[in-house]
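Feature annotations, reproduced from TrEMBL:
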type	residues	note
REGION	B:1-43	region 'Disordered'
COMPBIAS	B:7-23	compositional bias 'Basic and acidic residues'
COMPBIAS	B:34-43	compositional bias 'Basic residues'
TRANSMEM	B:51-70	transmembrane segment
DOMAIN	B:100-293	domain 'ABC transmembrane type-1'
TRANSMEM	B:104-124	transmembrane segment
TRANSMEM	B:145-165	transmembrane segment
TRANSMEM	B:272-292	transmembrane segment
Amino acid sequence: MHIAPRVLRRALAGATVALLATAVGCAPQPEEKAASAPSGTGADAASGANVCAKGKLATATTGKLTVATDEPAYEPWFKDGKPSNGKGFESAVAYAVAEQLGYDRSAVVWQSVPFNKAFAPGAKTFDFDINQVSISDERKKAVDFSSGYYDVRQAVIALKGTKAAKAKSVADLKGLKLGAQVGTTSLDYIDDVVKPTGQPAVYAKNDQAKSALKNGQVDAIVTDLPTAFYITAAEVTDAEIVGQFENQGGTPEQFGLVLDKGSTLTSCVSAAVDALRADGTLAKIEQQWLSDAVDAPVLK
Amino acid sequence: MTVTKGESGREGTDGEGDPRGGGEDAPADGYVPSRRRRERERYKRARARRATAVAALSTLVTGAVLYLVVVGAPGWPRTKETFFDGQYAREALPKVLEGLWLNVRLLLVCGAAVLVLGMLIAVARTLRGPVFFPLRVLAAAYTDFFRGLPLIINLMIVVLGVPALRLQGVTVDPVLLGGTALTLTYSAYVAEVFRAGIESVHPSQRAAARSLGLSNRQALRFVVLPQAVRRQVPPLLNDLVSLQKDTGLVSIGGAIDAVRAADIIVGRSLNYTPYIVAGLVFVALTIPMTRFTDWVTARMDRQRAQGGTT
């Protein structure tokens, strides 16, 4: 009576250990195979003449180009919250890049991926992400970037007639309560360029920064210039652009397409962006969707 | 604890069963354990040693297997540098701690306010007598509404909506407004905990107090509430820990708490390590709190047990 349960227990423990051991032995294998398959075909393509053969890239879904962006998608980068309509600067850029890579409009699939998730480790379900992500060396440690498709400037917005709206220089901003969206270079500009005396307000979304500005919880908010233009023209119409910052250290801040770290597509996508810049397509798209956001006084 | 209890229990039965007599009533000084008893104890010690060894081995094997599963995963190096990067941990820690100070202050102030308000609402809900009917209805409506309203929406309304009214003399500070929203929601939860505690005290207690000449108020104050509060400590702690984590939600209004401080570094570097740091800091804050309440509960239980025997 006493021995039977003990034997049973031992057998059970042994079985568990054996099972776990086999799990360890087996688990990585399928994943490894899955992971090596696309890179294998990539290598095959590399040994062939053209890695970036038109329409034949090793994409997440064969024959389709999956493009990701955050939801909601904001103007002027996207129009009507529908990235797939080809309207708005980034939507147009995505389709131009797709065409350059040999995928026509119908082969482009859009995916909604939150900013935070776009750079999480693990297999990506998209081929590239377009979401006003600024290229930086620090971020390059986590993801791949294509060449920059837009030179961005940061701008300050304040309600008309307030003290903040009269600022002429960066020094005039120091004493103000400033706000920006988390994870943006706008916030870096506040921290590194303005160096305000008080702690800045940091919001999860620009929407909350906008309402804080409207409510007088902050004196001014910082966004990129096209967004600033859209906010003042359409969303918070009693606000105005105080001015734009000069680029830091001479190298212009650029938005880039985000790809998985070590993606086989990076060089192809970069080449596509470079080609679009060289033939003037990017300039044309910029002219079409961002032409209004050109003039704003520079804060020295 | 359990081991000594078990042993002392056995000692009692053993004494009674001892053929040589003596047992419990025998004076302790002349007591010599019997051979059978010493044997039994030796056997028990051997079993305990064996159990410890098996447990240690089993833990070791499980740990090793878990380690191998995680480290052997194909994505481990990438995961490691994304979530466990020492350089980012060092960069994040001071900023996260600075943010945590906001969480702690909010916890202390809101925690106190929640306990007071929750108690008031619970008492209002349990008042007897037709005069108090409107008060009871109001208290019930309050708990129903704020317990049902998602905290995040409550925060949005208070932190972003109240300043939009542009009322003179009302603060626009997101921390004060956020604290108000937290207090509103959590006092509704805590009021229900208090009410459950009050109603869990058997009616005979109230009846006995009344028969001793205590007024309804005195019965509540001296008989019902002290018993109720004892039973509520664990669920109250639950709500406080929950509140502690939710204090971070005031970042909706732009305030920088521990999690938002981590967020800022994550956004710039695209490395998740600061989140891990923030998470651990919260856990480190919760554990002493739990141990403290355990200690308080144990002490109260001891006192109650003593009261019961005398």
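Cβ coordinates come from backbone N, Cα and C, glycine included.
Through the fold, the transmembrane segment (B:104-124) approaches residues 132, 135-136, 138-139, 142-143, 175, 178-179, 182-183, 186-195, 197-198, 220, 236, 239-240, 243-244, 247, 250, 285 of its own chain, all at least 6 residues removed from its boundaries and within a Cβ separation under 8 Å.
As a summary of secondary structure, the compositional bias 'Basic residues' (B:34-43) carries 9 helix, 0 strand, 1 coil according to DSSP. Only residues 6 or more beyond the boundaries of the transmembrane segment (B:272-292), in the same chain, are considered here, and those with a CB under 8 A from a CB of the stretch are 82-85, 88-89, 91-93, 95-97, 99-100, 103-104, 237, 240-241, 244-245, 258-259, 261-263, 265-266.
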